[in-house]
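Participant: Structure provided below as structure tokens; questions to follow.
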Amino acid sequence: MSKWKDVKKVVLAYSGGLDTSIILKWLQTELGAEVVTFTADLGQGEELEPARKKAEMLGIKEIFIEDVREEFVRDFVFPMFRANAVYEGVYLLGTSIARPLISKHLIDIAKKTGADAIAHGATGKGNDQVRFELSAYALNPDIKIIAPWRDWSFKSRTQLLEFAEQHQIPVAKDKKGEAPFSVDANLLHSSSEGKVLEDPSQEAPEYVHMRTISPETAPDKATIIKIGFEKGDAVSINGERLSPATLLAKLNDYGRDNGIGRLDLVENRFVGMKSRGVYETPGGTILLAAHRAIESITLDRGAAHLKDELMPRYAELIYYGFWFSPEREMLQAAIDHSQHHVEGEVTLKLYKGNVMVIGRESAKSLYSDKLVTFEDDQGAYDQKDAAGFIKLNALRLRTLAARDRK
């Protein structure tokens, strides 16, 4: 293609799946470019060796497979959870938060290998194309970015399957013998889209769920756990200190076994359309409940309410792909400042899809049982003071009422 005639070497974000395997072959045949592959171990729960073997089978000489699980949770997931970030009230941003990390590594590998372009497998209809590319341009304004879904002649996944068969590219099959759903997975979540899921009126089949058992079949006995926090980040489970990735993986196990973290939603994509997806975020759902609980006793009311006001904007920036933007970094600085005293332990009960906070304690707690007790508070609070407080706050309301009744 004349558009990319000057491109000699491309770093491809490669999963080993249908789309990126076809993209790899397309880059070789249509552009005549040398392809370097990058596969990230984000905790998706798959063996990555098949991706290496498939890349080798397709003639790739430079193959990068990197374990980025700790970096992912430490530098991306945990900062996001300090903000309690949720998009449109329900989505915990599992796909969104992984894209800037992948772009960061693509840019690093392009520099290391002398590549003049990067490529990704995101479609021209979705959010991921925006997330990958905004992140890449923020890190290297001169990088060329190839998005084959916007350039090639394929119009459907059926055509992709035909191309794969023509070029003898293996395609995984699901339990029903068909090409799989469009799936994204990492240590934080998994998502499924496409096929019958495109009809939002129909319940998702049970076999779509990969990370959790059904709440109906979860154990009849509740699971009790304790999560410890320091400066807003989870650091331990049941008193055992764990690395960020290990901790999230363990929470995923607890969530999976108790049917926690399933979400069926229709969301508003950045590009303007609505899409339906089935998401599973077992560990993240538990972590969010625990973080909110420890904040409830350690954050001042003003700081807590300001955080709640900033959160939707912060979540939107991540969803739209602006992780490396100055405004996200400004918000992050404010959020991180609020977390200095967010430490302690939260006790949770996990039962049939539910996460229930049943206890919270902290050496930095602002909760005072002496102030709130219904019993004798030994002079800690003079209830007579409330009269003046109410009178001053009622001043403008009484003034308005006096005017309006005339």
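Just so it is clear, glycine is given a Cβ too, placed from its N, Cα and C backbone atoms.
Quick caveat, the model's predicted, so the values are computed rather than measured.
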Participant: Of E203, E267, which does Swiss-Prot put in the L-citrulline site with Y91, S96, N127, R131, S182, S191, Y279?
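Facilitator: The candidate from E203, E267 that Swiss-Prot ties to L-citrulline along with Y91, S96, N127, R131, S182, S191, Y279 is E267.
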Participant: For the ATP site that Swiss-Prot describes with A13, Y14, S15, G16, G17, L18, D19, T20, S21, G121, which of these is also annotated: A33, A40, A85, A138?
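Facilitator: Answer, per Swiss-Prot (ATP site with A13, Y14, S15, G16, G17, L18, D19, T20, S21, G121), from A33, A40, A85, A138: A40.
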Participant: Nearest by CA distance to E267 (L-citrulline binding site): which of the binding-site residues is it, out of A13, S21, G121?
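Facilitator: Nearest listed residue in space: G121.
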Participant: To test your reading of the L-aspartate site: which residues beyond T123, N127, D128, same chain only, put their Cβ within 8 Å of the Cβ centroid of those residues?
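Facilitator: Going along the sequence, the neighbours come out as A122, K125, G126, Q129, V130, R131, R269.
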Participant: If I take the alpha carbons of Y91 (L-citrulline binding site) and G17 (ATP binding site), what is the distance between them in whole Å?
Facilitator: 25
Participant: These are the binding-site residues: D19, D128, E267. Which one scores highest on other Cβ atoms within 10 Å?
Facilitator: D128
